[in-house]
Amino acid sequence: MTNYLHINHPFTLESGASLPYLTAAYNTYGELNEARDNVIWICHALTANSDAEDWWPGLVGEGFTIDPNQYFIVCVNMLGSSYGTTSPKSIDPDTGKPYGLDFPLVTTRDQGRFFDLVANYLGIRRIRLLMGGSMGGQCAGEWACLNPDRFDLLCLLATNARFSPYGIGFNESQRMALRADPTLGTDAPDAGRLGLEAARSVAVLSYRHYRTYHATQQQPDADDIDDFRASSYQRYQGYKLWKRFDPTCYYALTRGMDSHNLGRKRGGEAAALQKITSPTLIISIDTDVLFPTEEQSLLSRYIPNSRLDVMSSDYGHDGFLVETPTIGLLLADFLADQLQIDANTKHAFTDSLSGRTFAIPGTEEV
Ligand SMILES: CC(=O)SCCNC(=O)CCNC(=O)[C@H](O)C(C)(C)COP(=O)(O)OP(=O)(O)OC[C@H]1O[C@@H](n2cnc3c(N)ncnc32)[C@H](O)[C@@H]1OP(=O)(O)O
Ligand SMILES: N[C@@H](CCO)C(=O)O
(Lines of atoms letter the chains of each structure in order from A and count residues from 1; the text may use other names and numbers.)
(Lines give C-alpha, C1' and ligand atoms only; values in the text may rest on other atoms or scores of the structure.)
(Ligands and ions follow the chains in the order given, each with its own letter.)
Protein backbone atom coordinates (compact mmCIF):
# COMPACT_ATOMS: atom_id res chain seq x y z
CA MET A 1 0.00 0.00 0.00
CA THR A 2 1.30 3.46 -0.87
CA ASN A 3 1.50 5.98 1.98
CA TYR A 4 1.76 9.77 1.73
CA LEU A 5 3.91 12.04 3.86
CA HIS A 6 3.12 15.76 3.77
CA ILE A 7 5.87 18.20 4.63
CA ASN A 8 4.44 21.65 5.12
CA HIS A 9 7.47 23.83 4.66
CA PRO A 10 9.38 25.06 1.61
CA PHE A 11 12.08 22.98 -0.03
CA THR A 12 14.72 25.05 -1.78
CA LEU A 13 16.19 23.43 -4.85
CA GLU A 14 19.77 23.60 -6.14
CA SER A 15 18.65 26.07 -8.82
CA GLY A 16 17.42 28.49 -6.13
CA ALA A 17 13.76 27.85 -6.98
CA SER A 18 11.57 26.57 -4.20
CA LEU A 19 8.66 24.17 -3.76
CA PRO A 20 6.34 25.60 -1.07
CA TYR A 21 5.45 22.20 0.39
CA LEU A 22 6.08 18.56 -0.43
CA THR A 23 4.21 15.30 -0.64
CA ALA A 24 6.24 12.10 -0.62
CA ALA A 25 4.57 8.89 -1.78
CA TYR A 26 6.28 5.85 -0.23
CA ASN A 27 5.94 2.13 0.37
CA THR A 28 7.39 0.03 3.15
CA TYR A 29 7.59 -3.75 3.52
CA GLY A 30 8.48 -5.72 6.65
CA GLU A 31 9.05 -4.37 10.16
CA LEU A 32 11.65 -2.07 11.62
CA ASN A 33 13.44 -4.20 14.24
CA GLU A 34 14.08 -3.15 17.82
CA ALA A 35 17.69 -2.21 17.10
CA ARG A 36 16.39 -0.15 14.14
CA ASP A 37 19.24 -1.51 12.04
CA ASN A 38 17.48 -3.52 9.33
CA VAL A 39 16.51 -0.79 6.86
CA ILE A 40 17.04 -1.31 3.13
CA TRP A 41 16.26 1.84 1.14
CA ILE A 42 15.61 1.43 -2.58
CA CYS A 43 15.82 4.34 -5.03
CA HIS A 44 13.75 3.67 -8.14
CA ALA A 45 14.74 4.61 -11.70
CA LEU A 46 13.19 6.99 -14.23
CA THR A 47 9.60 5.77 -14.63
CA ALA A 48 9.08 3.38 -11.73
CA ASN A 49 7.26 4.14 -8.49
CA SER A 50 7.51 3.44 -4.78
CA ASP A 51 6.11 -0.11 -5.05
CA ALA A 52 9.45 -1.91 -5.34
CA GLU A 53 7.91 -5.37 -4.87
CA ASP A 54 5.90 -4.71 -8.01
CA TRP A 55 8.64 -3.44 -10.34
CA TRP A 56 11.57 -5.47 -8.94
CA PRO A 57 9.98 -8.93 -8.68
CA GLY A 58 12.41 -11.74 -8.00
CA LEU A 59 14.68 -9.45 -5.99
CA VAL A 60 12.32 -7.73 -3.55
CA GLY A 61 9.72 -9.84 -1.76
CA GLU A 62 9.30 -12.89 0.44
CA GLY A 63 11.91 -15.55 -0.28
CA PHE A 64 14.15 -13.23 -2.29
CA THR A 65 17.40 -11.50 -1.33
CA ILE A 66 15.59 -8.35 -0.21
CA ASP A 67 13.13 -10.16 1.99
CA PRO A 68 10.57 -8.27 4.11
CA ASN A 69 10.81 -11.06 6.71
CA GLN A 70 14.36 -9.91 7.36
CA TYR A 71 14.49 -6.25 6.40
CA PHE A 72 12.43 -3.10 6.69
CA ILE A 73 12.33 -2.05 3.05
CA VAL A 74 11.56 1.54 2.09
CA CYS A 75 11.04 3.03 -1.35
CA VAL A 76 10.06 6.68 -1.89
CA ASN A 77 8.71 7.99 -5.19
CA MET A 78 11.13 10.63 -6.45
CA LEU A 79 10.28 14.32 -6.87
CA GLY A 80 8.84 15.10 -10.29
CA SER A 81 7.52 11.57 -10.88
CA SER A 82 4.05 10.59 -11.98
CA TYR A 83 3.29 8.41 -8.96
CA GLY A 84 2.14 10.62 -6.08
CA THR A 85 5.13 12.69 -4.96
CA THR A 86 5.13 16.44 -5.72
CA SER A 87 5.51 16.81 -9.47
CA PRO A 88 4.42 18.74 -12.57
CA LYS A 89 0.96 17.28 -11.92
CA SER A 90 0.77 19.07 -8.54
CA ILE A 91 -1.01 22.38 -8.18
CA ASP A 92 1.21 25.44 -8.36
CA PRO A 93 -0.17 27.71 -5.60
CA ASP A 94 0.76 30.80 -7.64
CA THR A 95 -1.58 29.88 -10.50
CA GLY A 96 -3.99 27.36 -8.99
CA LYS A 97 -3.17 25.05 -11.92
CA PRO A 98 -0.78 22.10 -12.33
CA TYR A 99 2.85 23.18 -12.73
CA GLY A 100 3.19 21.27 -16.01
CA LEU A 101 6.27 22.41 -17.93
CA ASP A 102 6.84 25.22 -15.36
CA PHE A 103 7.83 22.69 -12.70
CA PRO A 104 11.28 23.77 -11.47
CA LEU A 105 14.40 21.77 -12.29
CA VAL A 106 14.97 19.03 -9.69
CA THR A 107 18.54 17.74 -9.85
CA THR A 108 19.67 14.32 -8.65
CA ARG A 109 21.32 16.21 -5.78
CA ASP A 110 17.92 17.64 -4.85
CA GLN A 111 16.57 14.08 -4.91
CA GLY A 112 19.29 13.00 -2.45
CA ARG A 113 18.38 15.91 -0.14
CA PHE A 114 14.70 15.04 -0.50
CA PHE A 115 15.30 11.41 0.54
CA ASP A 116 17.42 12.56 3.48
CA LEU A 117 14.56 14.79 4.65
CA VAL A 118 11.93 12.07 4.19
CA ALA A 119 14.07 9.58 6.13
CA ASN A 120 14.21 12.09 9.02
CA TYR A 121 10.44 12.52 8.96
CA LEU A 122 9.97 8.74 8.93
CA GLY A 123 12.23 8.43 11.99
CA ILE A 124 14.86 6.43 10.12
CA ARG A 125 18.37 7.33 11.19
CA ARG A 126 20.62 4.53 10.09
CA ILE A 127 20.27 2.65 6.79
CA ARG A 128 21.87 -0.72 6.49
CA LEU A 129 21.78 -0.81 2.70
CA LEU A 130 21.03 1.94 0.20
CA MET A 131 20.58 0.76 -3.36
CA GLY A 132 19.45 1.95 -6.76
CA GLY A 133 19.89 1.40 -10.47
CA SER A 134 20.26 3.85 -13.34
CA MET A 135 18.75 7.20 -12.24
CA GLY A 136 17.99 5.54 -8.90
CA GLY A 137 21.72 4.82 -8.57
CA GLN A 138 22.50 8.43 -9.42
CA CYS A 139 20.18 9.63 -6.62
CA ALA A 140 21.61 7.02 -4.22
CA GLY A 141 25.14 8.20 -5.08
CA GLU A 142 24.14 11.78 -4.34
CA TRP A 143 22.61 10.83 -1.01
CA ALA A 144 25.67 8.80 -0.07
CA CYS A 145 27.95 11.78 -0.84
CA LEU A 146 25.66 14.13 1.06
CA ASN A 147 25.39 12.11 4.25
CA PRO A 148 27.86 9.19 4.11
CA ASP A 149 27.55 8.32 7.80
CA ARG A 150 23.92 7.33 7.41
CA PHE A 151 24.70 4.18 5.43
CA ASP A 152 26.31 0.89 6.36
CA LEU A 153 26.35 -0.51 2.82
CA LEU A 154 25.67 0.69 -0.69
CA CYS A 155 24.74 -1.09 -3.92
CA LEU A 156 24.86 0.86 -7.20
CA LEU A 157 23.61 -0.78 -10.39
CA ALA A 158 24.06 0.31 -14.01
CA THR A 159 24.77 3.88 -12.97
CA ASN A 160 27.44 6.55 -13.02
CA ALA A 161 29.09 9.46 -11.25
CA ARG A 162 28.15 11.92 -13.97
CA PHE A 163 25.62 11.59 -16.78
CA SER A 164 27.42 11.34 -20.11
CA PRO A 165 27.12 13.61 -23.18
CA TYR A 166 25.75 10.54 -25.00
CA GLY A 167 23.06 10.08 -22.35
CA ILE A 168 22.17 13.79 -22.41
CA GLY A 169 21.93 13.50 -26.20
CA PHE A 170 19.40 10.68 -25.86
CA ASN A 171 17.40 12.67 -23.31
CA GLU A 172 17.42 15.83 -25.44
CA SER A 173 16.16 13.79 -28.42
CA GLN A 174 13.31 12.60 -26.22
CA ARG A 175 12.48 16.15 -25.15
CA MET A 176 12.60 17.24 -28.81
CA ALA A 177 10.01 14.57 -29.53
CA LEU A 178 7.91 15.79 -26.58
CA ARG A 179 8.15 19.43 -27.69
CA ALA A 180 7.27 18.54 -31.28
CA ASP A 181 3.84 17.61 -29.97
CA PRO A 182 1.95 20.94 -29.78
CA THR A 183 -0.44 19.52 -27.17
CA LEU A 184 2.35 18.94 -24.59
CA GLY A 185 1.44 20.66 -21.33
CA THR A 186 -1.95 21.87 -22.58
CA ASP A 187 -5.48 20.98 -21.48
CA ALA A 188 -6.13 19.08 -24.72
CA PRO A 189 -7.46 15.54 -24.37
CA ASP A 190 -4.53 13.10 -24.46
CA ALA A 191 -2.14 16.08 -24.22
CA GLY A 192 1.42 15.12 -25.07
CA ARG A 193 0.57 11.57 -26.05
CA LEU A 194 2.27 11.42 -29.46
CA GLY A 195 5.35 13.20 -28.12
CA LEU A 196 5.65 10.84 -25.19
CA GLU A 197 5.23 7.75 -27.37
CA ALA A 198 7.98 8.93 -29.73
CA ALA A 199 10.20 9.86 -26.79
CA ARG A 200 9.85 6.43 -25.21
CA SER A 201 10.58 4.75 -28.52
CA VAL A 202 13.89 6.65 -28.68
CA ALA A 203 14.64 5.84 -25.03
CA VAL A 204 14.01 2.11 -25.37
CA LEU A 205 16.75 1.90 -28.03
CA SER A 206 19.19 3.05 -25.36
CA TYR A 207 17.79 0.69 -22.71
CA ARG A 208 18.19 -2.40 -24.90
CA HIS A 209 21.02 -3.69 -27.10
CA TYR A 210 21.48 -4.82 -30.70
CA ARG A 211 21.44 -8.36 -29.38
CA THR A 212 18.11 -7.84 -27.54
CA TYR A 213 16.41 -6.92 -30.79
CA HIS A 214 18.22 -9.68 -32.67
CA ALA A 215 16.93 -12.24 -30.18
CA THR A 216 13.34 -11.01 -29.87
CA GLN A 217 12.34 -8.94 -32.90
CA GLN A 218 13.48 -10.96 -35.91
CA GLN A 219 11.02 -10.86 -38.79
CA PRO A 220 9.43 -14.31 -39.17
CA ASP A 221 9.22 -13.99 -42.94
CA ALA A 222 12.50 -12.95 -44.60
CA ASP A 223 10.60 -11.84 -47.73
CA ASP A 224 8.73 -9.04 -45.93
CA ILE A 225 9.41 -5.54 -47.21
CA ASP A 226 7.24 -3.54 -44.78
CA ASP A 227 5.39 -3.72 -41.46
CA PHE A 228 8.24 -5.09 -39.37
CA ARG A 229 7.97 -6.67 -35.96
CA ALA A 230 10.62 -4.31 -34.54
CA SER A 231 8.49 -1.35 -35.66
CA SER A 232 5.40 -2.53 -33.83
CA TYR A 233 7.58 -3.19 -30.77
CA GLN A 234 8.72 0.46 -30.76
CA ARG A 235 5.14 1.71 -31.13
CA TYR A 236 3.91 -0.60 -28.39
CA GLN A 237 6.62 0.52 -25.99
CA GLY A 238 5.51 4.14 -26.55
CA TYR A 239 1.86 3.28 -26.01
CA LYS A 240 2.67 1.26 -22.89
CA LEU A 241 4.37 4.23 -21.26
CA TRP A 242 1.61 6.62 -22.32
CA LYS A 243 -0.89 4.47 -20.45
CA ARG A 244 0.96 4.92 -17.17
CA PHE A 245 3.10 8.08 -17.23
CA ASP A 246 2.54 11.80 -17.51
CA PRO A 247 4.46 13.53 -20.36
CA THR A 248 5.31 16.65 -18.33
CA CYS A 249 6.73 14.45 -15.56
CA TYR A 250 8.82 12.61 -18.15
CA TYR A 251 10.10 15.97 -19.38
CA ALA A 252 11.02 17.06 -15.85
CA LEU A 253 12.74 13.82 -14.84
CA THR A 254 14.95 13.64 -17.94
CA ARG A 255 16.18 17.17 -17.18
CA GLY A 256 17.02 16.07 -13.66
CA MET A 257 18.94 13.08 -14.97
CA ASP A 258 20.98 15.34 -17.26
CA SER A 259 22.04 17.43 -14.25
CA HIS A 260 23.69 14.46 -12.57
CA ASN A 261 27.29 15.14 -11.56
CA LEU A 262 28.48 13.95 -8.14
CA GLY A 263 31.62 16.06 -8.58
CA ARG A 264 29.83 19.39 -9.01
CA LYS A 265 31.07 21.81 -6.35
CA ARG A 266 32.82 18.90 -4.62
CA GLY A 267 36.17 19.18 -6.38
CA GLY A 268 35.40 16.67 -9.10
CA GLU A 269 34.16 13.11 -9.33
CA ALA A 270 37.15 11.43 -7.70
CA ALA A 271 36.98 13.67 -4.63
CA ALA A 272 33.21 13.18 -4.35
CA LEU A 273 33.40 9.39 -4.61
CA GLN A 274 36.14 9.25 -2.01
CA LYS A 275 33.61 10.66 0.48
CA ILE A 276 31.64 7.41 0.29
CA THR A 277 32.80 5.42 3.27
CA SER A 278 30.40 2.45 3.13
CA PRO A 279 31.44 -0.85 1.58
CA THR A 280 29.88 -0.65 -1.88
CA LEU A 281 28.79 -3.27 -4.40
CA ILE A 282 28.79 -1.95 -7.96
CA ILE A 283 26.96 -3.97 -10.60
CA SER A 284 27.57 -3.42 -14.30
CA ILE A 285 25.94 -4.98 -17.40
CA ASP A 286 28.20 -5.94 -20.28
CA THR A 287 25.67 -4.88 -22.97
CA ASP A 288 24.72 -1.55 -21.37
CA VAL A 289 25.28 1.13 -24.02
CA LEU A 290 23.74 3.96 -21.96
CA PHE A 291 25.75 3.44 -18.78
CA PRO A 292 28.70 1.40 -20.11
CA THR A 293 31.01 -0.61 -17.85
CA GLU A 294 33.74 2.04 -18.00
CA GLU A 295 31.43 4.26 -15.91
CA GLN A 296 31.05 1.65 -13.17
CA SER A 297 34.83 1.03 -13.33
CA LEU A 298 35.29 4.70 -12.53
CA LEU A 299 32.92 4.40 -9.54
CA SER A 300 34.87 1.40 -8.36
CA ARG A 301 38.25 3.08 -8.86
CA TYR A 302 37.38 5.96 -6.54
CA ILE A 303 34.93 4.56 -3.96
CA PRO A 304 37.45 3.37 -1.39
CA ASN A 305 35.87 0.09 -0.24
CA SER A 306 34.10 -1.14 -3.36
CA ARG A 307 33.67 -4.27 -5.38
CA LEU A 308 32.71 -4.33 -9.08
CA ASP A 309 30.78 -7.22 -10.63
CA VAL A 310 30.06 -7.22 -14.36
CA MET A 311 27.00 -9.28 -15.33
CA SER A 312 26.56 -10.79 -18.73
CA SER A 313 23.12 -10.11 -20.23
CA ASP A 314 21.59 -9.73 -23.68
CA TYR A 315 19.07 -7.24 -22.30
CA GLY A 316 21.25 -4.10 -22.22
CA HIS A 317 20.83 -1.33 -19.66
CA ASP A 318 17.39 -2.48 -18.44
CA GLY A 319 19.08 -5.72 -17.38
CA PHE A 320 19.21 -4.13 -13.92
CA LEU A 321 15.40 -4.52 -13.82
CA VAL A 322 15.06 -7.97 -15.31
CA GLU A 323 18.19 -10.01 -14.42
CA THR A 324 17.00 -10.43 -10.84
CA PRO A 325 18.30 -13.98 -10.20
CA THR A 326 21.87 -12.85 -10.93
CA ILE A 327 21.52 -9.56 -9.06
CA GLY A 328 20.00 -11.43 -6.10
CA LEU A 329 22.99 -13.78 -5.96
CA LEU A 330 25.57 -11.00 -6.25
CA LEU A 331 23.84 -9.00 -3.54
CA ALA A 332 23.40 -12.00 -1.23
CA ASP A 333 27.10 -12.77 -1.60
CA PHE A 334 28.02 -9.16 -0.83
CA LEU A 335 25.77 -9.11 2.25
CA ALA A 336 27.23 -12.41 3.47
CA ASP A 337 30.75 -10.98 3.07
CA GLN A 338 29.76 -8.12 5.31
CA LEU A 339 28.57 -10.56 7.98
CA GLN A 340 32.17 -11.78 8.34
CA ILE A 341 31.51 -15.46 8.93
CA ASP A 342 34.15 -16.81 11.27
CA ALA A 343 36.43 -18.78 8.94
CA ASN A 344 38.00 -20.84 11.79
CA THR A 345 34.97 -22.26 13.51
CA LYS A 346 32.25 -21.73 10.93
CA HIS A 347 29.93 -22.04 13.92
CA ALA A 348 29.61 -18.41 14.92
CA PHE A 349 29.88 -15.05 13.29
CA THR A 350 29.72 -11.47 14.37
CA ASP A 351 27.61 -9.08 12.42
CA SER A 352 30.07 -6.26 11.81
CA LEU A 353 27.22 -3.79 11.53
CA SER A 354 25.18 -4.52 14.64
CA GLY A 355 28.06 -6.03 16.62
CA ARG A 356 25.87 -9.00 17.61
CA THR A 357 27.22 -12.54 17.54
CA PHE A 358 25.16 -15.36 16.12
CA ALA A 359 25.57 -19.13 16.28
CA ILE A 360 24.48 -19.79 12.72
CA PRO A 361 24.03 -17.01 10.18
CA GLY A 362 20.64 -15.40 10.59
CA THR A 363 19.48 -17.56 13.50
CA GLU A 364 20.16 -17.80 17.22
CA GLU A 365 22.11 -15.06 18.99
CA VAL A 366 24.91 -16.36 21.31
C1 LIG B 1 1.77 0.57 -12.79
C2 LIG B 1 3.02 0.18 -13.41
O3 LIG B 1 3.10 -0.36 -14.47
S4 LIG B 1 4.37 0.51 -12.53
C5 LIG B 1 5.71 0.70 -13.49
C6 LIG B 1 6.27 -0.52 -14.15
N7 LIG B 1 7.47 -0.12 -14.80
C8 LIG B 1 8.50 0.28 -14.10
O9 LIG B 1 8.53 0.21 -12.92
C10 LIG B 1 9.63 0.87 -14.82
C11 LIG B 1 10.69 -0.13 -15.01
N12 LIG B 1 10.26 -1.16 -15.89
C13 LIG B 1 10.56 -1.14 -17.23
O14 LIG B 1 11.19 -0.23 -17.74
C15 LIG B 1 10.05 -2.27 -18.04
O16 LIG B 1 8.84 -2.71 -17.50
C17 LIG B 1 11.05 -3.48 -18.13
C18 LIG B 1 12.35 -3.01 -18.73
C19 LIG B 1 11.32 -4.06 -16.78
C20 LIG B 1 10.43 -4.56 -18.98
O21 LIG B 1 9.95 -4.00 -20.20
P22 LIG B 1 8.82 -4.74 -21.03
O23 LIG B 1 8.25 -3.79 -21.98
O24 LIG B 1 7.84 -5.40 -20.12
O25 LIG B 1 9.58 -5.91 -21.69
P26 LIG B 1 9.93 -6.15 -23.19
O27 LIG B 1 10.80 -5.04 -23.70
O28 LIG B 1 10.46 -7.52 -23.26
O29 LIG B 1 8.52 -6.03 -23.94
C30 LIG B 1 7.49 -6.93 -23.67
C31 LIG B 1 6.18 -6.32 -24.09
O32 LIG B 1 6.25 -5.94 -25.47
C33 LIG B 1 5.33 -6.70 -26.23
N34 LIG B 1 5.97 -6.98 -27.51
C35 LIG B 1 7.06 -7.73 -27.74
N36 LIG B 1 7.34 -7.72 -29.05
C37 LIG B 1 6.41 -6.95 -29.64
C38 LIG B 1 6.18 -6.57 -30.98
N39 LIG B 1 6.97 -6.98 -31.98
N40 LIG B 1 5.13 -5.76 -31.24
C41 LIG B 1 4.30 -5.33 -30.25
N42 LIG B 1 4.47 -5.67 -28.96
C43 LIG B 1 5.52 -6.47 -28.67
C44 LIG B 1 5.09 -7.95 -25.41
O45 LIG B 1 3.85 -8.56 -25.76
C46 LIG B 1 5.07 -7.38 -24.00
O47 LIG B 1 3.84 -6.75 -23.81
P48 LIG B 1 3.21 -6.59 -22.31
O49 LIG B 1 4.16 -5.74 -21.55
O50 LIG B 1 1.90 -5.92 -22.54
O51 LIG B 1 3.12 -7.96 -21.75
N1 LIG C 1 13.49 1.48 -18.09
C2 LIG C 1 13.76 2.35 -17.00
C3 LIG C 1 14.65 3.49 -17.42
C4 LIG C 1 16.06 3.10 -17.56
O5 LIG C 1 16.67 3.14 -16.34
C6 LIG C 1 12.50 3.01 -16.52
O7 LIG C 1 11.56 3.15 -17.30
O8 LIG C 1 12.48 3.42 -15.38
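Any Cβ shown, glycine's included, is placed from N, Cα and C.
Copied from TrEMBL, the annotated features are:
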DOMAIN    39-323  domain 'AB hydrolase-1'
ACT_SITE  S134  active site, nucleophile
BINDING   R200, D318  substrate binding site
ACT_SITE  D288  active site
ACT_SITE  H317  active site
Could you round the CA separation between D288 (active site) and H317 (active site) to a whole angstrom and send it over? 4
Pop the Cα-Cα gap between R200 (substrate binding site) and S134 (active site, nucleophile) into the table, whole Å please. 16
Out of D288, D318, the listed recorded positions, fewest other Cβ atoms within 10 Å surround the Cβ of D318
For R200 (substrate binding site) and H317 (active site), determine the Cα separation and express it in whole Å. 15
For the recorded positions S134, R200, D288, which residues place their CB under 6 A from an atom of ligand 2? S134
Helix, strand or coil: which one is H317 (active site) in, per DSSP? coil
Output: those recorded positions from S134, R200, D288, H317, D318 whose CB lies less than 6 Å from an atom of ligand 1, in sequence order; none if no residue fits. D318
